[in-house]
Structures are given as structure tokens and as C-alpha cells.
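Here's the structure, in C-alpha cells; my notes come after.
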Amino acid sequence: MGIARILSAVLFLSVLFVVTFPTLLSADHHDGRIDTCRLPSDRGRCKASFERWYFNGTTCAKFVYGGYGGNDNRFPTEKACMKRCAKA
């Protein structure tokens with residue numbers, strides 16, 4: 001009876017994996033990473049004042065970056081932001 005439980009658990013976990021795996025590959029993920037352009041702007045943890053650009057879901061907008069931390073939705077120029085995030 002012990003082997004039957006183990007096989008049942010393996011079968012259950014296999015089915016669970018097959019059902020949830022497509023969700024991991026949804027539109028919010030590209031090449032295994034979260035789509036940068038969907039992240040919110042994030043000033044970071046420091047108090048410097050660098051002008052940067054982020055994609056707000058529609059277009060690229062300026063924000064002040066503190067110089068450390070934050071996320072990858074941060075570009076040095078509007079052109080770089082549009083190149084990465086604007087839909088063709």
C-alpha cells in the first residue's frame with residue numbers, strides 16, 4: 001500500500017505541473033523573465049537625482065532615479081525606452 005501512495009503522489013504532482021506550467025509562460029513572461037515594460041517605475045533606495053525613462057503601459061515617461069536599486073523598467077533615454085517597450 002505504501003508504493004500506491006507514492007505513485008499517487010507522483011501522478012498528482014505531475015498533473016499539477018502540467019496544468020500550471022503554461023501559466024508560467026504567459027504573456028507576462030518572455031525568455032523566462034518578467035516583461036520589463038510591465039513593471040512600475042521604481043525610484044530606488046538612494047537619494048541621487050538621475051533623469052531616467054520608464055514605460056507606463058502607454059508611452060515612455062520621465063522619472064527621477066535615486067541611483068541604486070529599483071527595477072529594470074528604467075532607461076537612460078526616451079529612445080531606448082521606446083525601442084524596448086513600444087509595440088510595433
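Placed from the backbone N, Cα and C atoms, the Cβ positions cover glycine too.
Disulfide connectivity taken from Swiss-Prot links C60 to one of C37, C81, namely C81. Following the DSSP three-state reduction, the secondary structure of C60 (disulfide bond) is strand.
Within 10 Å of the C-beta atom of C81 (disulfide bond) sit 24 other C-beta atoms, taking all shown protein chains into account.
On the backbone, the CA of C60 (disulfide bond) and the CA of C85 (disulfide bond) stand 8 Å apart. Sequence-distant contacts of C85 (disulfide bond), defined as residues of its own chain at least six apart whose C-beta falls under 8 angstroms from its C-beta, comprise T36, C37, F55, C60.
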